[in-house]
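Engineer: Got a structure here, written out as structure tokens. Questions coming.
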Amino acid sequence: MDYNYTVKKYLDQLNNGYSTEELSSYSAGTNGSRSGPSCWSDQNSSAENSDQLIPTRQQLKFASQVAHNPLQFVSAQTGATALCEQAKQQLIISDQQKRLREEIRKKMYTDEDEADWKTNLDSWLSKRKMAISRWKNDMQHAANDSDRNRECDVAQSQVFEQQQQKQQQKQQQQKRQQRQQEHRSRNDSIIDPKKVNELLL
């Protein structure tokens with residue numbers, strides 16, 4: 001089936017659909033509209049003509065044209081063989097582009113790069129684990145040291161309190177002994193007969 005013949009037939013049917021009278025009347029209407037309104041011809045018009053509306057823009061109407069021309073999409077070679085050849089060429093071009101993309105990817109990213117990336121990731125993870133474990137150990141040591149320091153402080157405070165208590169007890173004993181000695185000396189002075197005779201005489 002010839003595609004050119006079918007397209008020409010379609011265009012002929014479109015042209016036959018409009019009669020010559022319609023086209024002539026349409027063209028006459030457009031020509032009349034091109035001349036412009038009558039109000040522009042009379043410059044010295046009276047007050048009656050001033051009441052008419054004056055258009056701000058001159059409107060022109062052109063003859064109608066075909067909106068879409070199907071022939072612009074149709075070439076001389078529109079057979080099935082030509083379409084098949086075009087499809088084959090497009091497939092070949094797409095295959096070539098795929099190969100080029102694969103080659104570029106291989107050049108950009110090799111297996112060695114992937115291995116290096118994996119080794120770098122593994123080393124980073126191991127270093128991170130070691131750092132976390134060290135941090136935990138440091139925190140535990142710090143907590144243990146703080147506990148030990150607290151225990152030492154408590155023990156020192158207890159020892160200091162005991163020493164103070166002992167000193168207070170010693171002072172109290174010394175005061176008691178002094179008081180007892182004073183009391184004894186007073187009693188001795190009272191019991192002494194010489195002193196009693198002196199007091200009686």
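Backbone N, Cα and C atoms are what each Cβ position is placed from, and that goes for glycine too.
No curator has checked TrEMBL annotations; they are predicted automatically.
Copying in the features that TrEMBL gives for the protein in this structure:
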COMPBIAS  139-153  compositional bias 'Basic and acidic residues'
COMPBIAS  162-175  compositional bias 'Low complexity'
COMPBIAS  179-201  compositional bias 'Basic and acidic residues'
REGION    22-51  region 'Disordered'
REGION    139-201  region 'Disordered'
Engineer: For the compositional bias 'Low complexity' (162-175), could you work out the same-chain residues 6 or more beyond its ends whose Cβ comes under 8 Å from its Cβ atoms?
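Structural biologist: Distant contacts of the compositional bias 'Low complexity' (162-175): none.
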Engineer: Counting by DSSP secondary structure, give me helix, strand and coil numbers for the compositional bias 'Basic and acidic residues' (139-153).
Structural biologist: 15 helix, 0 strand, 0 coil
